[in-house]
Number of protein chains: 2
Amino acid sequence: MPQLGFLHGRAWAALLGQLRRPPGAVCIGAVRSHSQGPEVAEATLASQLKPHKEKPNFILKTPKGTRDFSPQQMVVREKILDMVVSCFKRHGAKRLDTPAFELKEMLTERYGEDSGLIYDLKDQGGELLSLRYDLTVPFARYLAMNKVKKMKRYHVGKVWRRESPTIVQGRYREFCQCDFDIAGHFDPMIPDAECVKIMCEILSGLQLGDFLIKVNDRRLLDGIFAVCGVPESKFHAICSSVDKLDKMSWKDVRHEMVAKRGLAPEVADRIGDYVQCHGGVSLVEDMLQDPELSRNKQALEGLGDLKLLFDYLTLFGIAEKISFDLSLARGLDYYTGVIYEAVLLQTPAQAGEEPLNVGSVAAGGRYDGLVGMFDPKGHTVPCVGLSIGVERIFSIVEQRMKTFGEKIRTTETQVFVATPQKNFLRERLKLIAELWDAGIKAELMYKNNPKLLTQLHYSEDMGIPLVVIIGEQELKEGFIKLRSVASREEVAIKRENLVAEIQKRLSES
Amino acid sequence: MPQLGFLHGRAWAALLGQLRRPPGAVCIGAVRSHSQGPEVAEATLASQLKPHKEKPNFILKTPKGTRDFSPQQMVVREKILDMVVSCFKRHGAKRLDTPAFELKEMLTERYGEDSGLIYDLKDQGGELLSLRYDLTVPFARYLAMNKVKKMKRYHVGKVWRRESPTIVQGRYREFCQCDFDIAGHFDPMIPDAECVKIMCEILSGLQLGDFLIKVNDRRLLDGIFAVCGVPESKFHAICSSVDKLDKMSWKDVRHEMVAKRGLAPEVADRIGDYVQCHGGVSLVEDMLQDPELSRNKQALEGLGDLKLLFDYLTLFGIAEKISFDLSLARGLDYYTGVIYEAVLLQTPAQAGEEPLNVGSVAAGGRYDGLVGMFDPKGHTVPCVGLSIGVERIFSIVEQRMKTFGEKIRTTETQVFVATPQKNFLRERLKLIAELWDAGIKAELMYKNNPKLLTQLHYSEDMGIPLVVIIGEQELKEGFIKLRSVASREEVAIKRENLVAEIQKRLSES
């Protein structure tokens, strides 16, 4: 299993070291100190050169459920995203991007009970719009709109959901999704197996600890519901109830089925006998022997495909990571076949850390009907895909920060241009432009006369490996000092050889 | 000036070759063919296994002013963004990210006449939100909220503006911005000069043709307005009018000043004498001699800083790219000092191409008052920055596509796993998992029995360099065929040496 270099041992530790929690909101007094009218406020704004005396009368924060990402956090996020994307590319996917919002009607009726979580835009004239809720529906819309019949694509982007106010365990109202999907008519379960393989590769590569991938099939669930005596009109509602089994006990789910969904208690009990089962491929075999299920076409199809899936995943060498789990239902309406969800088996808590229940970190499934809902002639394009819950993965990594203490660099600067001399700004500017033009990452102090010690301290603090020091005497003789920050060793380099020497040192390190 | 390898000659041509226009919207009959009620529609949705017969009654499109990006487009976008970001990193910037939406009140009164273009979210209970209009205001909000007094950051992200309906010349309602800003109290014009240098490096690196960077100063404009007799309450409005000089003649702008803004004709004429001037550093010197302007404190400050800016830009070796242009005003309200804007001097049109007027491709300036507007105590943090108009740059590249015809790869797949044999899926799956686990980018056909020719054609079409061919005979003897797609040469490799041989070949290529 390929693992990223950056995630090994001390490097990983280093990466996690300097992470900080998203900065807390700062509350500002909501009452203006002077009773200034709006005209006065406007006049103040209109002349921005005057110092701004008036206190802003709002709370200085990001919207509820959203957050800024500091440079430290961005370094970690980008490393995680790079790893995910490199896996998607390893499997031959192309990149696609779609707008942040869609026509409202595109999203209507796609998400079942979760539709209320969609953010709508205000009607300011023109089209009615909603922020995208996931990356799957925009993908299906893209396929239908462009009559694409076959495509393997990935998409990394933000999605928005008006989740309940408590932000716990990495649940936010704005979050990033990394999706990989395969669209097209193919032989059964080959792309499906690749999707599960990809989840395995990513979770192994990120070294988040042991994990398990639960698999199930929507047709099997429908078959079970039919066999147990659930009216077809209630399939979706009951499926939503089953989906809660990862957070609620069977007793509570059963109560919901009976009290809220209006199911007969004996029907609920029959469902309970099934959905509390989990096991390996032998459980698939057992269920194929079930006299009632084996007479149900949908259940048979689901079980047959699950058997094939296990076969392929064994060839991929990952069968031991898979659990056939009948309680897995997946909330979204659009799944039509196999569904899967990766869960971490143990929290990566170190001694002294609070355990962090992050739940599912990746999930997906087959949705053969979605594109057809957008297509003018109802032509279907079968699809299967997965989504990586990078925010949850990011939460785990943030949790780890408490344990590791090494510094991570938030810049890539290679050379700092310093001087001990006063009035040497012009020399520094000339030199740094030379470095930039040679492609060298370089910084200097934005001061006419900075202190040498300040410049050297900054270079050390920021982990910049080299410092170029220009002094009057050396410059007269045509030399410039090059200092290695780690060894504090300084050598004089001929001015005309400086760029080449720096490039040589950087290529060696 | 560092230029990206990918942009040279044939490589650049190759990159542009396969670009396509964003796919057009497909219109679907807006009338349902059957008079089905909503209940029927729900029932249809509820049973997704049944083929979806009902035609969707909406237009299949992206929202007005937005578009999808196809894999071909994404390859080019990512190369352009990589180049921009690598320049930002060369100058020591850290990456920051902020939410797509802000509290509505954060954006209120920041954008002058453009405030009407802000997208608001629907009031669904809770906070009132708006989509961000740029990346500058969120940056200022971040600095104030976290009491950050010094920061050099970059931010790449989408912003949204309800621009007028005609989408011409790369103007969209959703577009990407690449911002670089330096916040903090420093000696005059050093960070400002670096910002202009960065614009130069990026535009040179992208090889979009010759360009010019116009510079001016808001204090100078205010000084001119004062000297000409504009009442202070009209400074912003008159500044907005001046800003239109790149699209309108002086005659029309003068008319707006008099008829719409209520300026006396002789005052407008005096403004006209100034704002139609442009030149180099000598024009700065000339204006410093202007008897009236030289008595105006703001004008003097602006001119003094412009002189210093020219000095630093000369040291950077880019003075010949700079034009001091008094007609440059910049639309946004928040600028307080130097302002600049990069324009392409000639369209990159090839023979037979339509000329494309893309206007400004990068712009920015100093905004010393913005952070103070957010800070509870009004503490200011002076800032200067720039924004790269990547959509416009992207438009130019799309325009070029008509001229160049070479193929660009949308995937990075290195090896295709093929077979001439029937019933060889299991062998292919075992082998490809081995490749994936070794970090090799590999694909196969999702078919039980694909034709060999189809597999080889696919590899050629997609530009995949190597094909592994598993046959029954070879496998018995412990060999696998490795085919170079370019030379069509095939060699037999021992099964256990296959991964090492592939890695060797890939590292050599």
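For all residues, glycine too, the Cβ spot is worked out from N, Cα and C.
Model, not experiment: these values are computed from the prediction.
Its own atom aside, the Cβ of B:D134 (L-histidine binding site) has 21 Cβ atoms within 10 angstroms in the protein chains shown. Under the heading L-histidine binding site, TrEMBL lists B:D134, B:L135, B:T136, B:R161, B:Q177, B:D181, B:R330, B:Y334, B:Y335.
Marked as domain 'Aminoacyl-transfer RNA synthetases class-II family profile' by TrEMBL: B:65-420.
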Protein Cβ atoms within 10 Å of B:Y335 (L-histidine binding site), excluding its own: 26
Diameter of the L-histidine binding set by C-alpha atoms, the set being B:D134, B:L135, B:T136, B:R161, B:Q177, B:D181, B:R330, B:Y334, B:Y335, in angstrom: 21
Site of maximum Cβ density within 10 Å, from binding-site residues B:T136, B:R330: B:T136
Spatial neighbours, same chain, of B:Q177 (L-histidine binding site) - Cβ under 8 Å, 6+ residues apart: B:D134, B:L135, B:H155, B:V156, B:G157, B:K158, B:V159, B:S387, B:I388, B:G389, B:V390
Three-state secondary structure, B:Q177 (L-histidine binding site) (per DSSP): strand
B:T136 (L-histidine binding site) in three-state DSSP notation: helix
